[in-house]
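To start, the structure under review is shown below, and the notes come after it.
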């Protein structure tokens, strides 16, 4: 169930972030990504606490990405990590490059 839930969210051409709304790193990640000009429907924040499988979802994220912490940021099918990874990519310009590569932005 958790595996299906996560796998159906992750899609090429889309940015998906698995979050918990009370997490300050999740809020920072949402703030950063929400300022970018995404095409409609290509940025999704998934609140894993809204399911009754939060722990199982985090276990599967651990299996898939090597970490069970949130946020878990996927650009297309690739997990780039969490908030600090996103900030690093933003500072180097790699974030915009990757988002343009998958066609997620309105330019």
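The backbone N, Cα and C atoms fix where each Cβ goes, glycine too.
Taken from Swiss-Prot as is:
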type	residues	note
MOD_RES	2	N-acetylalanine
DOMAIN	3-106	domain 'Glutaredoxin'
MOD_RES	9	N6-succinyllysine
DISULFID	23-26	disulfide bond
DISULFID	79-83	disulfide bond
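DSSP assigns residue 26 (disulfide bond) to a helix. Cβ neighbour count for residue 23 (disulfide bond): 17 (other Cβ atoms within 10 Å of its Cβ, all protein chains included).
Annotation: no recorded positions among 2, 9, 79 have CA atoms within 10 angstroms of the CA of residue 26 (disulfide bond).
Fewest other C-beta atoms within 10 Å: among the disulfide-bonded residues 26, 79, that description fits 79. Among the listed recorded positions, namely 2, 83, the Cβ with the most fellow Cβ atoms inside 10 Å is that of 83.
Close to residue 9 (N6-succinyllysine) in the fold, though at least 6 residues off in sequence, lie 16, 18, 44, 46, each with a CB less than 8 Å from its CB. The separation of residue 2 (N-acetylalanine) from residue 79 (disulfide bond), Cα to Cα, is 17 Å. The secondary structure of residue 79 (disulfide bond), as reduced to three states from DSSP, is extended strand. Cα of residue 23 (disulfide bond) to Cα of residue 83 (disulfide bond): a distance of 11 Å.
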